[in-house]
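Report on the following structure.
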Amino acid sequence: MVASRAIGCLRRFANASRTLHHCSGYICRNFSRSSALLARSHINYGIKDDVAVIRINSPNSKVNTLNQELQSEFMEVMNEIWASDQVKSAVLISSKPGCFIAGADINMIAACKTPQEVTRLSQEGQKMFEKLENSPKPIVAAISGSCLGGGLEVGVPAAFDMMLTGRNIRADRAKKMGLVDQLVEPLGPGVKPPEERTIEYLEEIAVTFAKGLADKKISLKRSKGLMDTSYLTELTSYAMGIPFVRQQVYKKVEEQVRKQTKGLYPAPLKIIDVVKTGLEEGKDAGYLSESQKFGELAMTKESKALIGLYHGQVLCKKNKFGTPQREVKNIAVLGAGLMGAGIAQVSVDKGLKTILKDATLTGLSRGQQQVFKGLNDKVKKKTLTSFERDFIFNNLTGQLDYQSFEKADMVIEAVFEDINLKHKVLKEVEEVIPAHCVFASNTSALPINEIASVSKRPEKVIGMHYFSPVDKMQLLEIITTPKTSKDTTASAVAVGLKQGKVIIVVKDGPGFYTTRCLAPMMSEVIRILQEGIGPKKLDSLTTGFGFPVGAATLVDEVGVDVAKHVAEDLGKAFGERFAGGSLELLKQMVSKGFLGRKSGKGFYVYKEGVKSKDLNSDMDSVLAGLQVSPKPEVSSDEDIQYRLVSRFVNEAALCLQEEILATPAEGDIGAVFGLGFPPCLGGPFRFVDLYGAQKIVDRLRRYEAAYGKQFTPCQLLIDQASAGKKFYQ
Amino acid sequence: MTWVTGRLLCGWAPVQTSTKKTLAKPNVRNIVVVEGVRIPFLLSGTSYKDLMPHDLARAALSSLLIKTNVPKEVVDYIIFGTVIQEVKTSNVAREAALGAGFSDKTPAHTVTMACISANQAMTTGVGLIASGQSDVIVAGGVELMSDVPIRHSRKMRKMMLDLNKAKTLGQRLSLISKFRLNFLTPELPAVAEFSTSETMGHSADRLAASFAVSRLEQDEYALRSHRLAKKAQDEGLLSDVVPFKVPGKETVTKDNGIRPSSLEQMAKLKPAFVKPYGTVTAANSSFLTDGASAMLIMAEDKALAMGYKPKAYLRDFVYVSQDPKDQLLLGPTYATPKVLEKAGLTLKDIDAFEFHEAFSGQILANFKAMDSDWFAQNYMGRKAKVGSPPLEKFNNWGGSLSLGHPFGATGCRLVMAAANRLRKEGGQFGLVAACAAGGQGHAMIVETYPK
């Protein structure tokens, strides 16, 4: 207490220095030294005429986050401003180009031990926002770049806000929604760097507006929003005044949310609760309820899981292998199929000169069209202009031969999954590429060392396993062999990061990490289908557990032939641990041409332009022919869900045990971003931590008793359980 | 180089001294401007509004014929610049030349390069003469903003074209059944940069902001332009203007966009593009203009042989281009040091500057860019700034802001203004520079012809 009072007292001197600034250089210097000592670390402010310009600049960070320090400094500054006669209005601006406030500090919330702590934090925040909302002096928030969560709250209640981002469309939309009042376009170069001048300009404009508001020369009109045609708002507020209507609205919204989240994500429902409390019992009750519910939410498993994923993702967005010796500027993609064209698409729009090579003109044209369509869809959504599309598309060269491969810095092959074909292209390519060129193989299951076995330069061979559709799936699994050089890995990670991917780097082995985890679960899927659970029921059980895509649908999406291929290969490699379902099911499906979505039929029937899917009735006889009797003791809905998930988790743990995986974090990111492992569970390792290793082992033992070795828990899990250890400390 | 340093020591007084060397190069033909004319530049929608572009171009061409008395069969080639094309006369140079009484044996073509189209017409001619292909060239430019091609929408056009091809009534009916009311929405000629979808005024406003050019500075500069133009007009200095008897209307004798106002009046205007806080207004921008210009360019030996007294030499020229988004209108900044270097001159050697004034903010931003070492080093890959032109030598007879700016015709006006100023004010070198849509620019050295 004493210390804080002393600081408060000294700060008054610091203030004096500001007012003295114009009078005497000498005194000023004296005082300003003391003010430098006491300078706030996140916020400083100066006064231009009668406008206080508050600059937010969190030290040693690329972004400003709403942490406790920043909040308290901000409140101090605001109190000074409200108390000052000199100041008539204020401008709030960030000194960081491209970031206003990126939201609440996730670490601050993660550090809390009890719901009460979080509630208190939240209340402090609320108080701040309320004070801002009721500010007697106009406040203009000059926002440049990302402004999320709490950042938006700081901006929005402020009297007159503006926003600016590099992406005009988004700022445009914010204006249409009525979130912001004015837009400032980014500036080009002047006599100083564009970013610097743009912030300066934003500040100048904001100061003008602040003055205008204080002098009542500019009035606040917030009726520009799209939804906001006045009669509509009036009508809405009238209707919402009737309790019965309100109840109906709550019910409807709740239904919607339940349907979308399947009750797995608690936050949206609590938000509805809070809004309800606010409307029914008044603002204060609403605020109280908001902070309490926020406190409760922060302590949930889901919150911990999601925060964990956030940290994992941050980790997987870094290149821990360092800067590659040579920057990759030109890449070549072999094979213009779905994957190859997808890889080309995420490369060209990052400015990589890309050759797309295929064996046939038809295949090549299809691939080029896929890239064009991907870009053109962005034009339709107005995130790209047609000119930008054409400019980007120009980075793509389609060809049938190896012309210009001597300029390639990296070749990514995405030809058919056949080891002989892969060998053939590797040998062909090595004849034409320069010495420094990396050869990356996009394969989901073929071991990289086997592919590299015919290479003259195995240190330059690496696996880059993309996920389909490449432009939507964030994960990239990079596979290194013992011979792969560190620089090659650094190059591959650098390219992946440029392509916007979240990257895990794993060791070589059958199925690497992702495919290997998925395979035993798929084997169990087949077993469950054989036991007479229909695809629809199976899908609802898996999505009910949090998987974004149902298990049967997933097989259709991946492709039944691919699944069969993988199951055969990995079955050979891992033997009985991958047993369970009968491969015969997939074989019969392939022979009947039921390859999943791509052939129009799999477990379901797919028609162009039709969203709802019907079961493929031709599958009935196939399934009937392979039926086995279920084991009632492990066939409850919950058991079925856990049979699937526990095999997945067990295999993931084994990958860590065998050091295929370097860290549990990468395992979690790979499972969630690549395979759709339920995000609310945070990934297999986080799931073990939160659910309890012992409980998982117990379940596995129970299923082992019923089915056999495919459920035998791996040593690592057993050790974790017996030692009571966690993957994440 | 020695003579340059020698002249530097003499200081930079704009007095022509006989010791100055000309820019003639060995083994390169000297090319001269014999004469140049323009019909008065008018605010669009005024006296020229019922005419077509080739009418204006024809008026400029026939005035040139009369003023120079050049025998029509001597003219080897005619080149005109234009920007917004009238689709009926897409090669407006040919249509105008035929009507103006030039020989139908003289080929003519039309060039387009936004606001430097007439410059491109002139330099194309210079190229033809320098390479020995031609001796006598007529170059010019025309723009008629009173009428622009407004088209049917693409959907409507497609339907109309398909209807043309439809063979049976059934086909026609099925096509017509696809008609929707929104097909009738007309398509206006693009006012925005195609690559960025940004209008030029908007870009100019951002440019002014980038260089921190204030509204007041812009208004002051615009006022200067109008005052100087008015003075030049009153004193009869705009000798390239020729009267034009508009069919069915009065004879137009002078530019009608010159309107010196007051700073107070100008301050009242609201921003035209970046609302509500921008700085570019109608008063500090060039206005939509109708007009045409034409010029007789010859090889020096040919002109002398024919007994002409040329007005000026056309010397080194450059075209530049840069980022069309953030540096759309910085052409002069890029072009000036380049052309000076090429000619072996420095900014101090220039006696008359004639820059195209698209916007006050654009001119002032260019001044600041030319005066910035930081900009020169970081964006132009140069060691140092070229320097900002001294205002007392700059656009002394008004500029595009006040005289008007018929896109395709301005280039010839700039060159004639430089040539006439040098003769009147007694300087040797003039520098013409202009920016253009697409992020392009141009500069040329004009050397006065010894008296």
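A Cβ is built for glycine as well, from the same backbone N, Cα and C atoms used for every other residue.
Copied over from TrEMBL:
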DOMAIN    B:31-301  domain 'Thiolase N-terminal'
ACT_SITE  B:Cys115  active site, acyl-thioester intermediate
DOMAIN    B:308-447  domain 'Thiolase C-terminal'
ACT_SITE  B:His405  active site, proton acceptor
ACT_SITE  B:Cys435  active site, proton acceptor
The domain 'Thiolase N-terminal' (B:31-301) [mean pLDDT, rounded to integer]: 95
Cα distance (Å, whole number) from B:Cys115 (active site, acyl-thioester intermediate) to B:Cys435 (active site, proton acceptor): 7
Cα-to-Cα gap, the residue listed as 'active site, acyl-thioester intermediate' vs B:His405 (active site, proton acceptor), nearest whole Å: 8
Surrounding CB atoms that lie within 10 Å of the CB of B:Cys435 (active site, proton acceptor), all protein chains: 34
